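**Student:** Below you will find the structure I want to go over with you.
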Amino acid sequence: MTNVVQETIGGLNSPRTCPPCILVIFGATGDLTARKLLPALYHLTKEGRLSDQFVCVGFARREKSNELFRQEMKQAVIQFSPSELDIKVWEDFQQRLFYHRSEFDNNMGYTSLKDSLEDLDKTYGTRGNRLFYLSTPPQYFSRIIENLNKHKLFYKNQDQGKPWSRVIIEKPFGRDLDSAKQLQQCINENLNENSVYHIDHYLGKETVQNILTTRFANTIFESCWNSQYIDHVQISLSETIGIGSRGNFFEKSGMLRDMVQNHMMQLLCLLTMEPPTTFDADEIRKEKIKILQRISPFSEGSSIVRGQYGPGTVQGVSVLGYREEENVDKDSRVETYVALKTVINNPRWLGVPFYLRAGKRLAKKSTDISIIFKKSPYNLFAAEECSRCPIENDLLIIRIQPDEGVALKFNCKVPGTNNIVRPVKMDFRYDSYFQTTTPEAYERLLCDCIIGDRTLFTGGDEVMASWKLFTPVLEEWDQDSSPSFPNYPAGSSGPKEADALIERDGRSWRPL
């Protein structure tokens with residue numbers, strides 16, 4: 001255990017300085033680039049993590065000059081960066097920011113891109129290192145991957161000391177198991193699997209990174225992290241927002257594909273996996289896959305339910321139902337809410353139920369993990385004065401957003417002559433304790449990819465294991481031509497079916 005902890009501290013928390021490289025963002029005019037990627041790159045530059053040998057090239061279909069692209073990205077940084085724009089830093093950074101216009105399947109576009117990258121290599125000393133970020137709709141992934149290989153933009157021979165090339169793939173990685181297998185086959189034929197980084201931005205969040213440290217660096221937690229002491233676990237991911245302008249995207253995905261199959265499964269794996277032999281990306285991945293392979297199959301109604309929001313009021317504002325949103329079918333059967341119950345069939349978690357829920361247009365925005373411990377077996381507090389305040393289950397809450405931190409709720413005697421017991425809470429918050437701004441997830445993930453650290457990235461085998469679980473559910477839903485939608489009002493805590501899912505076990509959801 002000591003080795004794991006030491007490597008955790010040395011691996012996840014060691015200072016990172018990125019080597020020279022060119023980052024090519026496919027889909028550079030999209031929302032992700034403006035909201036997340038460019039602000040992250042700007043902040044890494046401001047912090048001195050990216051040198052003047054780093055270059056960024058935006059690749060997209062719209063006609064645009066370098067100057068216009070830089071102006072648009074400057075406005076994006078001003079709008080979405082958590083810190084105020086430093087003009088001097090930006091002026092330096094934008095000189096290494098370029099735009100390349102092409103269709104994603106145009107041979108000439110890739111030929112001219114290759115020429116441009118070679119020129120930039122010479123000008124900025126990027127040593128031939130290339131990072132390609134696929135921030136496009138998923139239907140373009142295979143075309144781009146094939147063209148990277150066809151035009152020799154990706155190096156298949158990446159021996160130590162030679163220039164490297166890597167590819168970051170955004171979710172969704174396929175729509176189901178078959179499409180994920182097809183995309184994986186395309187990767188196997190054109191790239192090297194160990195140079196492909198499947199990005200899940202939840203893994204870049206500070207509190208998510210802290211899950212393994214909380215577990216394996218603290219005997220007080222790891223010793224009771226099992227079915228002997230834990231009654232059940234709840235993972236909640238609630239959003240107050242709807243789908244906004246993403247109607248076309250969400251109609252093709254839904255909540256299960258968008259959040260559950262990836263983000264929530266990663267949280268579940270980190271929470272439940274066995275300690276890896278070393279804190280190495282491959283060893284961590286092996287343990288996560290073991291968890292995915294031991295999850296029982298889901299069945300509609302008994303272990304997984306879905307919902308869709310109707311009109312309602314969110315934080316005092318009247319909002320439309322999902323079917324009234326822009327670019328959404330008026331009879332849409334797409335789910336905006338998923339709740340499920342699962343068990344993990346291994347000795348550590350035998351008999352412990354895990355309840356997961358994720359939804360849009362709910363009453364509150366929050367993502368947290370609640371570990372509810374079993375009550376003490378000792379019946380020492382049954383006297384009349386104690387019965388007025390029943391003993392509650394101890395509770396560990398890992399808050400991922402907002403107010404990142406960890407809280408422990410336990411029972412304590414109230415001062416006085418009567419033997420009255422009440423729950424109290426110890427609350428750790430990142431911002432107040434460390435007195436520093438928590439880094440954005442994409443800052444960490446981009447930096448790790450440039451360095452070549454795969455620890456916080458998922459692998460293709462993980463993705464397949466997750467799709468194997470959920471593809472039967474999606475197929476069953478596709479056969480249901482008339483689900484009872486909408487089945488929860490916007491601004492609520494979700495559909496009644498989700499409450500029934502957990503209440504039939506004599507439990508209830510924690511308040512959002």
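Each Cβ is built from the backbone N, Cα and C atoms, and glycine gets one as well.
Below are the features listed in Swiss-Prot for this protein:
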- R61, E103, F104, K171: NADP(+) binding site (BINDING)
- H201, K205, E239, D258, K360, K365: substrate binding site (BINDING)
- H263: active site, proton acceptor (ACT_SITE)
- 479-512: region 'Disordered' (REGION)
- 496-512: compositional bias 'Basic and acidic residues' (COMPBIAS)
**Student:** Among the binding-site residues H201, K205, K365, whose Cβ has the fewest other Cβ atoms within 10 Å?
**Tutor:** K365
**Student:** Does DSSP give H263 (active site, proton acceptor) helix, strand or coil?
**Tutor:** helix
**Student:** Are there any residues in the same chain, six or more apart in sequence, whose C-beta is under 8 angstroms from the C-beta of D258 (substrate binding site), and if so which?
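**Tutor:** Set apart from D258 (substrate binding site) by at least 6 residues yet with Cβ under 8 Å, we have K171, P172, F250.
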**Student:** On the Cα atoms of R61, E103, F104, K171, which are listed as binding NADP(+), what is the maximum pairwise distance in Å?
**Tutor:** 21
**Student:** Give me the DSSP three-state residue breakdown of the region 'Disordered' (479-512), ordered helix, strand, coil.
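**Tutor:** Residue counts for the region 'Disordered' (479-512) by secondary structure: 9 helix, 3 strand, 22 coil.
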**Student:** Rounded to an integer, what is the Cα-Cα distance in Å between K360 (substrate binding site) and H263 (active site, proton acceptor)?
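**Tutor:** Spelling it out, the Cα of K360 (substrate binding site) and the Cα of H263 (active site, proton acceptor) are 15 Å apart.
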**Student:** What's the most sparsely packed of the binding-site residues E103, E239, counting other C-beta atoms within 10 A?
**Tutor:** E103
**Student:** Which of these recorded positions is closest to E103 (NADP(+) binding site) if you go by CA atoms: K205, E239, H263, K365?
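**Tutor:** With Cα distances computed to E103 (NADP(+) binding site), the winner among K205, E239, H263, K365 is H263.
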**Student:** Do any residues at least six apart in sequence from H263 (active site, proton acceptor), in the same chain, have a Cβ closer than 8 Å to its Cβ, and if so which, in order?
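**Tutor:** Those within reach of H263 (active site, proton acceptor), by Cβ under 8 Å and sequence separation of 6 or more, are D200, Y202, L237, A358.
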**Student:** Write down the Cα-Cα distance for F104 (NADP(+) binding site) and H201 (substrate binding site), rounded and given in Å.
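**Tutor:** About 24 Å separates the two Cα atoms.
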**Student:** Neighbour count first, Cβ atoms within 10 Å, every protein chain included; then name which of R61, K171, K360 tops the list of binding-site residues.
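**Tutor:** Counting Cβ neighbours within 10 Å, the top one is K360.
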